[in-house]
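Visitor: Handing you this structure, nothing more for now.
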Amino acid sequence: MKKTLGNILIYFMVAIILIFALFPLWWIANISFKTSEEALVIPPKLIYEPTLKNYKEVLFGVEREDNEGRWVPSTKGFMKQVGNSLVVSLTATFVAMLAGIPAAYALSKFKFKKKQNISFFVLSTRFVPPIVIVIPLFVAFRKLGLMDTKLGLIILYVFANLSLVIWMMKGFFDEMPNELAESARVDGCGQFGALFKIAVPVTLHGIAASAILVMINCWNEFLFAVLFTAKNAKTVTLAVMGYVTVREVAWSNMAAAGILITIPVLIFTIISQKQLVQGLTAGAVKG
């Protein structure tokens, strides 16, 4: 009886959490299929004739024009912004993993002075709010000619996520028996050989989980994108801003853009959820 009651309470709490998590997404999707007039109706209409016009306008763009008193923002740059986000996110993820994995391995398996201090310094970078370092970064990037460039965003995203990679991977390497690396060195492998031939294959799920989280962070990042880009390097998270103007807020178009931005992340997460779960739980289980 107690076990049954406990299960009911657990399912009830899970249902409440799911409602809070999924309701905003459902509401945005609901608005994306409405006209701008229907989106503003109070109380909201639950029964209406859905339209794909908003998605068409977002994907293929419309000219700025007055249409019976409605001003429609131009969205011709949406697909370019999607391309920019893909290039920046994938490149930043690759570079962050390439630099973070050896650093994490060194902090986990090597013995050297000030090791704990270095580890704390790496972790402390996660404590600093990004807005604190925006002004010096802005000045430096302007002098280096990195403003409004994909290279500039990649550099920012790599350093913003490098500490995450190092600390996640350090946990996975800590769980790896030292005997594996030592046996590899006995067989003639150097430190890098032991890393790439032994440590990397053993912690593959952890690498996948770290890469997935970094990729999602880069795709969803907004602050650096809005401050360090103007036109050429705009990412997809800025697409929604194009529907907020001094004359109108195009809620339906904004909702459609939000859904389109979310879809790649959802697909990517669903496809890689097995690797993500295995990676996030592997560090907590000792072999």
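Glycine is treated like the rest: Cβ placed from N, Cα and C.
TrEMBL feature annotations, pasted as is:
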TRANSMEM  9-29  transmembrane segment
DOMAIN    82-272  domain 'ABC transmembrane type-1'
TRANSMEM  86-108  transmembrane segment
TRANSMEM  120-141  transmembrane segment
TRANSMEM  153-173  transmembrane segment
TRANSMEM  194-216  transmembrane segment
TRANSMEM  222-244  transmembrane segment
TRANSMEM  251-271  transmembrane segment
Visitor: For the transmembrane segment (9-29), which partner among 86-108, 153-173, 222-244, 251-271 gives the most CB pairs under 8 Å?
Guide: 251-271
Visitor: Same-chain Cβ contacts of the transmembrane segment (222-244) under 8 Å, 6 or more residues past its ends?
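Guide: Answer is 58, 73-75, 77-78, 80-82, 84-85, 88, 130-131, 134, 137-138, 141, 146-150, 152-153, 156-157, 160, 250-251, 253-254, 257-258, 261.
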